[in-house]
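> Features from Swiss-Prot:
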{"type": "DOMAIN", "residues": "77-265", "note": "domain 'BPL/LPL catalytic'"}
{"type": "BINDING", "residues": "Arg116, Gly117, Gly118, Glu119, Tyr120, Thr121, Tyr122, His123, Ala196, Ile197, Gly198, Gly209, Ile210, Ala211", "note": "substrate binding site"}
{"type": "SITE", "residues": "Lys193", "note": "site 'Lowers pKa of active site Cys'"}
{"type": "ACT_SITE", "residues": "Cys227", "note": "active site, acyl-thioester intermediate"}
Amino acid sequence: MPTGKLRQKPPYAAIMTNSPVTPSTETQQPKRDALYARFLPQEADAPPVEWLIAEGLTDYEEALAFMEARVQAIREGTASELVWLVEHPPLYTAGTSANAEDLLTPDRFPVFNTGRGGEYTYHGPGQRVAYVMLDLKRRREDVRAFVASLEQWIIETLAAFNIMGERREDRVGVWVVRPEKPRLADGSMCEDKIAAIGIRLRRWVSFHGIAINVEPDLSHYGGIVPCGISEHGVTSLVDLGLPVTMGDVDVALGKAFESVFGPRQTK
């Protein structure tokens, strides 16, 4: 993993929004840990979120086209909210804040420019991607609280396997402290990223989502500077010594989702 310093990122670096968000100063914004990280529907009779698990590997361009169509249908009221769980073949994606210098080996895997927020990340077999298509108007029109809720969903999922995932105010995503690894040059504890978040909002309907490393080939991250952060590494559940399957993670994701976002409906 390349070494270096954490670059300063603009606010909402993992978010791209076409929704009318009013900017506020840093002093006005509570820390994400202080936000109420539950995004339940406001209506008591709101329909459950559709929960769909794709089989095999999903082509990335097909996934983008599917999300675009579904978001439009949710906005028009002709489709329900949806969480779609997929795995992709090996690829890199570039968010709206990506720096070309962070793509270290451009010819290693296909590279897709995407409208989500954030920088470069990797998707591939052994990583569970959850595309989250929710209507925030039915919940809360609060982007930072939504990101905190996505982090909470991941944290509660990891807790099912006795893994303590943590937020970091300067880094969106979920992190695991690695006391068994050498400390950083400044003496701080080593931390590895286990889950990434990159979302986009269109008229308050979300798409893109989260990615949790279950058992991907972590060497594939060597072709990028993940999320523009070079001083911390990446890890996975299996890398942490847990013999879990994708099915195990899907069960934990489902239970934690209901805690944070409310009822879901499986097919």
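Each residue, glycine too, has its Cβ placed from N, Cα and C.
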> If we check Cα distances from Cys227 (active site, acyl-thioester intermediate), which of the recorded positions Tyr120, Lys193, Gly198 wins as closest?
Tyr120
> Inside 10 Å of the Cβ of Tyr120 (substrate binding site), count up the other Cβ atoms and send me the figure.
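Here the count is 23.
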> For Tyr120 (substrate binding site) and Lys193 (site 'Lowers pKa of active site Cys'), determine the Cα separation and express it in whole Å.
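Rounded to a whole number, the Cα-Cα distance is 14 Å.
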> DSSP on the residue listed as 'active site, acyl-thioester intermediate', three-state: which is it?
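For the residue listed as 'active site, acyl-thioester intermediate' - judged by DSSP and reduced to three states - the answer is helix.
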> Measuring Cα to Cα, how many Å separate Arg116 (substrate binding site) from Lys193 (site 'Lowers pKa of active site Cys')?
19
> Give, as a single whole number between 0 and 100, the mean pLDDT over the domain 'BPL/LPL catalytic' (77-265).
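Looking only at the domain 'BPL/LPL catalytic' (77-265), pLDDT averages out to 93.
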> Rounded to a whole number, how many Å is the Cα of Tyr122 (substrate binding site) away from the Cα of Lys193 (site 'Lowers pKa of active site Cys')?
12
> The record names Arg116, Gly117, Gly118, Glu119, Tyr120, Thr121, Tyr122, His123, Ala196, Ile197, Gly198, Gly209, Ile210, Ala211 as the residues that bind substrate; what is their largest Cα to Cα distance in Å?
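Max span of the substrate binding residues, Cα based, is 15 Å.
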> Return the count of C-beta atoms lying within 10 angstroms of the C-beta of Arg116 (substrate binding site), excluding that atom itself.
21
